[in-house]
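Below is one structure, written out as structure tokens; the observations come after it.
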Amino acid sequence: MEDDGYNYYGADNQSECDYADWTPSGALIPAIYILVFLLGTTGNGLVLWTVFWSSREKRRSADIFIASLAVADLTFVVTLPLWATYTYREFDWPFGTFSCKLSSYLIFVNMYASVFCLTGLSFDRYLAIVRPVANARLRLRVSGAVATAVLWVLAALLAVPVMVFRSTDIPENSTKTQCYMDYSMVATSNSEWAWEVGLGVSSTAVGFVVPFIIMLTCYFFIAQTIAGHFRKERIEGLRKRRRLLSIIVVLVVTFALCWMPYHLVKTLYMLGNLLHWPCDFDSFLMNVFPYCTCISYVNSCLNPFLYAFFDPRFRRACTSMLCCDQSGCKGSPHSSSAEKSASYSSGHSQGPGPNMCKGGEPMHEKSIPYSQETLVD
């Protein structure tokens, strides 16, 4: 990334400060990266398996965003072993210039794609719950596919500067090869900071601030609609009301907690070129930035749990799918069992009961508008 925590050395604006004593954890950070890699590949792989395992007829527009989000996170986490090695070797890149460019590019493409997919999913939930009739045509599967394609193209274009400017080099008085952003092809040594600040601030605006505002707005109106609806319901609806509202809060808060420290510290550090922070504060930013990066990366392995397993219907769908694979339920994977597993993506379908794999009939719940709408409709 142009400002992703792997370019810790050689910043022009901090050259007057002494960082001789600064060393990030050579064991903790790689361990976190590997843990995120393991959880992310498993979780996102399970999400993709479940989505594509369901029957095509039962899929909804949100399934496209869910699958795309899982692909984005999966592609992101598979690059983490490279960065874990880089960090463990005390920022010595052994994989060559091309892999430096490509892995950095993939990280940024999928960071943007992941954020955009979350935003698209939030907007899809807004249409499904707040404006289900007036915007029905916008929620067709073909519209979701087109929107997802546009989001991926936009993410790929926004990440182009990383592919262009990423390079490897051995700094003076060092024997370690760094994978860093090199602006020398377009700027002088005195103006490279302007490129760094410009690209860094723009990536924060496009990759965090604007999407977060959109998500927050969508979930505000969703919560308002759900709360207004359940005021008319009896006591049995309170539990579902509390569950739906808690999911909304968890989604928004988790996204903010994972990404806000990274973007905040990154922006403050880069603004040191203009504001000339004291060396103590600048050293503090440099020390905490690698750990803020780790926290943001953790979001890629949390998404499957938050957007899938946190939803009881999706959890039952996974259980039904695995149980049917082992004991053999009636119907093919793309018929009865698949229709049950797809219930997480249908806002008005009946969820399978806990005894589904034992041959019993599904337990039907009372149909309550909106209470059957999930965040992964």
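Even glycines carry a Cβ here, placed using N, Cα and C.
Looking at C100, C279, C292, C294, the record from Swiss-Prot puts C179 in a disulfide bond with C100. Going by Swiss-Prot, the topological domain containing A62 carries a different name from the one containing N190, and the two residues are therefore on opposite sides of the membrane. Non-local neighbours of the transmembrane segment (145-162) in the same chain are 1-2, 64-65, 68, 101, 104-105, 107-110, 112-113, 116-117, 120, 181, 199, 203, 206-207; each lies 6+ residues outside the stretch with a CB under 8 Å from one of its CB atoms. With pairs at least 6 apart in sequence, the transmembrane segment (288-310) and the transmembrane segment (63-84) have 3 or more Cβ pairs within the 8 Å limit; the two touch. Panel annotation: around the transmembrane segment (245-268), residues 3, 115, 118, 200-201, 204, 207-209, 212, 215-216, 219, 222-223, 226-227, 277, 285, 288-289, 292-293, 295-296, 298-299, 302, 306-307, 310-311, 375 of the same chain, lying at least six beyond its termini, place a Cβ under 8 Å from a Cβ of the stretch. Taking Cβ pairs closer than 8 Å, the transmembrane segment (197-221) reaches residues 1-3, 108, 111-112, 115-116, 118-119, 122-123, 125-126, 130, 158, 161, 248, 251-252, 255-256, 259-260, 263, 266-267, 270-271, 273-274 in its own chain, all 6 or more past its ends. In terms of DSSP helix, strand and coil, the topological domain 'Extracellular' (163-196) has 8 helix, 8 strand, 18 coil.
DSSP labels the residues of the topological domain 'Extracellular' (85-97) in these numbers: 5 helix, 0 strand, 8 coil.
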